[in-house]
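Trainee: Take a look at the following structure, please.
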């Protein structure tokens, strides 16, 4: 891995799959088929794409019990503890309704209401992550969403992975359906005989899932469309090359298009991390993926000063940022754009991926400039409350009518004046 | 206007313009032209679509001073007072960064950061509303966004309306450009020589603006794509038919596709409102628009009980809801889905459109089920903070590694274990 000095206008090399016209056509066809034929289409697509001939889409209590028997007790208790940590962090995000009264007696406020329902998409195969189930479901649960529906494509044996089922059960999901792909998104958006439509769909998926979410957006809400995962490490000479390299590789093993970047003020660290990455790569089970990611999307940049390094991080707006420097916490105030900030050497990224409590669904591809981690806010909505008093109305009515007339909206002015007689 | 009894599965008749293939093609062509040719394309499109041959896009201080001279002083002071009310309400929405320390010494938190920049689109012609300038700019200002850029198509005389310029100046906008349509959205998203790109674009516009926003979404953030405006009035026999009718018409005059619905427990009120609408319609300057809206998208429903009426409102999920009943404030707790709730007879909708303080940019077309009024939240983003202590790491590290291995992510486990040696 080469180390380079920072040059102006730096940005991570990023790869976002926007899908082809063909893929969009396929997705639109699937959605209209599901709209038209409901469950029948879901069974047919599940047989076609997942190789599973199902008699029922809904996961039964027996299947969940079986999943619990498959996992060892220690693992179950780890998932449970992670769920509690996530619930506890997200509870702090929850906002309550507020109202206040002005001197003129009018009342203004903001009512917070959970969404009625949410659908969580969980990918199948090797990307079936119990942690992702927790991270998507717990914020909805904490928000107070009453009906949470989970969908996930079954294996060809017609089953979902034990870890996924146990995590869903621990998170409190009652309705789990064995269906994936664009057809699952369509079912969540428009409903079928088995699956009642939801108000919002979250969760990662392949390009067909992403395109389907984009397609149904507006009829229902969706979360962001995630790109490949990214990490940036901001480090000085106090950091351990071994730890920095290990953290960069933990990101690189996700995906050949994942990105791992080090920005450091230390030329020595830069070189040592480059060597460590080579060394550690060799013994990784997913070394082929990690190798491709490091070669194509990995980078090490050396900055003259910490100020320059921080500015570079803000330009990158990474999904994950680790700060491994002296006085790391002090630097947090200078970070403007990052999905999650991991501070100090004991905050290796997997701490946040699985366990600490903050959400691991984070803005990728530079969207940390304007987007946020998945949170309780995403499962609640606000309604404004306006209760004008007679006093306020008498005081301000004529001004409001004048403003309406400035905009040429006479009926607005008359609505105010209708109260005067 | 007919009155009908409520029947199951009621929904407002709504019309959303999704744009044609042709319009999408045009918008894509405009965007790529602006990307390629920058200001040159903006000048050319402004001449072509707005009939204005400009020498400079940016509004000068002289133009703003001239605008102040055009408006009378009383109107200027009304706009100023409205801006203060909006600022004061939105200040209550602003959230601060929080951190907390667990018993094991680890620190978790959420950092709140304003977006660096925001672009506000203001429509031209008869839809150029100073109130819309205030409602889009003030939340961004309150959030702390440093660079707020406004764009609006000029008239064929090369000018923007005085009210719009004064409102922008009062709201504190420094950069105003005379450009509209898809070309303005493209400039905000990708930048030109004159206009630096922004992180988020908000504000209403015609179908070309809406399609352009949808097209650039992902590269920058956008607000919701608004549909035609809607009001639902929930009233009992205590309401004044004259006031209810006037409020419904104030919505209907916006747009032929606007919707005004009354849900009442009183057959007498229903009939009286129908008569009042006919009577008031006659003398409205925009009666042709209001008439079309009432005929095509207006409705009066009579419910057996208030409970049934409230349930109907929740099914409608209206943009604006007025409650004109005995004990109106008590009913607010039962309303689950509405953009803004106007309580009692003195809270005629224009009170909120112009003056009270809450935002008038609201979710339309039933999206109040999952969307919220424009707010300070829309101009800030969150970053999670995780600072694990050594104690927390020692206590939980092995569990985190085990969770990673359950998901087959060995490099994640090794990143944790790299800290053990």
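Keep in mind that glycine also has a Cβ here, set from the backbone N, Cα and C atoms.
TrEMBL: automatically predicted annotations, no manual curation.
The following feature annotations were taken from TrEMBL:
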{"type": "BINDING", "residues": "A:121, A:183, A:206", "note": "NAD(+) binding site"}
{"type": "BINDING", "residues": "A:229, A:251, A:254, A:320, A:353, A:407, A:412", "note": "substrate binding site"}
{"type": "BINDING", "residues": "A:251, A:254, A:353, A:412", "note": "Zn(2+) binding site"}
{"type": "ACT_SITE", "residues": "A:319", "note": "active site, proton acceptor"}
{"type": "ACT_SITE", "residues": "A:320", "note": "active site, proton acceptor"}
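Give me the structural setting of these features: burial, nearby parts and distances.
Mentor: The Cβ of residue A:206 (NAD(+) binding site) has 17 neighbouring Cβ atoms from other residues within 10 Å, across all protein chains displayed.
Under a cutoff of 8 A between CB atoms, and with a sequence separation of 6+ in the same chain, the neighbours of residue A:251 (substrate binding site) are A:229, A:230, A:231, A:258, A:259, A:260, A:293, A:320, A:349. When secondary structure is read from DSSP and collapsed to three states, residue A:251 (substrate binding site) falls in the helix class.
Other C-beta atoms found within 10 angstroms of the C-beta of residue A:353 (substrate binding site) number 27, with every protein chain shown included.
Cβ-based neighbour count (10 Å, all protein chains) for residue A:319 (active site, proton acceptor) stands at 31. The secondary structure of residue A:319 (active site, proton acceptor), as reduced to three states from DSSP, is coil rather than helix or strand.
Residue A:320 (substrate binding site) counts 27 other C-beta atoms within 10 Å of its own C-beta, drawing on all protein chains shown.
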Trainee: Under 8 Å Cβ-Cβ to anything in chain B: which of these binding-site residues pass, A:121, A:183, A:206, A:229, A:320?
Mentor: none
Trainee: Between residue A:319 (active site, proton acceptor) and residue A:121 (NAD(+) binding site), how far is it from one CA atom to the other, in Å?
Mentor: 21
Trainee: Which three-state DSSP class does residue A:206 (NAD(+) binding site) fall into?
Mentor: coil
Trainee: Which one is it: of the binding-site residues A:254, A:412, which Cβ has the fewest other Cβ atoms within 10 Å in this structure?
Mentor: A:254
Trainee: In sequence order, which same-chain residues at least six apart have a C-beta under 8 angstroms from residue A:407 (substrate binding site)?
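Mentor: In sequence order, no residue meets the Cβ cut-off.
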Trainee: In whole Å, note down how far the CA of residue A:353 (substrate binding site) lies from the CA of residue A:121 (NAD(+) binding site).
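Mentor: Residue A:121 (NAD(+) binding site) to residue A:353 (substrate binding site), Cα-Cα distance: 18 Å.
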Trainee: Sequence gap of 6 or more, Cβ distance under 8 Å: name the residues on the same chain that satisfy this around residue A:183 (NAD(+) binding site), in order along the sequence.
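Mentor: Spatial neighbours, sequence-distant, of residue A:183 (NAD(+) binding site): A:30, A:33, A:34, A:41, A:42, A:45, A:46, A:49.
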